[in-house]
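*Asks:* Here Swiss-Prot flags 29, 30, 31, 32, 33, 34, 35, 36, 236, 263 as ATP binding site. If you look up Swiss-Prot, you'll see 58 marked as active site, on the strength of sequence analysis. Annotation comment: Swiss-Prot describes 275, 278 as Zn(2+) binding site.
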């Protein structure tokens, strides 16, 4: 039966045309070109969506290099685009990575809450990184972007990112259960410091608000109409092994994944002589491409070329992004 099935379109056109998608994650092993692929996908989405945000959660922050423009923890418009924005967060920095404006208020209550919240969170192992994502999600949801693309860190960090809603829900649940015990102590503490306008209700309300947002995000992450994951790999053993592990973990978490990008491929022309190394690499890639075809026959598998020049700058990414929408044809490559 499976042999009679038509192969799925070898592109990301299915994602670009799925206008219900809200969150798109792009991830894989380090060094496979995730940032180029996620940036290219964001560019294509900007053609059909009202507003697009790409977020780097990789401490290396490669999207600044990709677009040749410095980005910060505040969404910034990408040069050359009217509706594409980018921001970079460091998941290891916890709440300290958030824009200060987030904690602005008419008094010092929210600023004090930031410090108190950080201390309380530090008492719960493993939740700090997750809380950073949680706060970013709260910020992003308030900005009403049509779709958000995550340029994720290598696989281990990515799996933690995917799991963060459950971690935060569990952690916040513990904090809120302790709320009644903590509130009187916190009120006494701030009164001793002469800050009568600060009370535990401020912190409590903030935690309640965050839990509500994260519960909603958790539901959206597991809804294939709203969230999907794009795996990026190269045609080598370790990358393919990591991709299979990632696909299995995503499936276990209930995250939709049906697109794989195989990057940095050689497209040798039989009519041209090639060096022995190129021919050897080509054979290796062909072997793993066959394995990918067998493993992921029910996936959209997009094949991208290894280029002579690096893909950097908005115009270069805009040009490269076309390869996501239709199969790459080396014969159609413009001659210089």
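Residue numbers in this text run from 1 along the chain shown.
Cβ coordinates are placed from backbone N, Cα and C, and glycine is handled just like the others.
Here the structure is a predicted model, which means the values were calculated and not measured.
Mind running through what each feature is packed against?
*Replies:* Secondary structure at residue 35 (ATP binding site), taken from DSSP and collapsed to helix, strand or coil, is helix.
Under DSSP, residue 58 (active site) is assigned to coil, being neither helix nor strand in the three-state scheme.
The Cβ of residue 275 (Zn(2+) binding site) has no same-chain neighbour under 8 Å that is 6 or more residues away in sequence.
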*Asks:* Look at the binding-site residues 31, 33 and tell me which residue has the greatest number of other C-beta atoms within 10 angstroms of its C-beta.
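*Replies:* Comparing the binding-site residues 31, 33, the most crowded Cβ belongs to 33.
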*Asks:* How many whole Å apart are the CA atoms of residue 35 (ATP binding site) and residue 278 (Zn(2+) binding site)?
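*Replies:* The Cα atom of residue 35 (ATP binding site) is 25 Å away from the Cα atom of residue 278 (Zn(2+) binding site).
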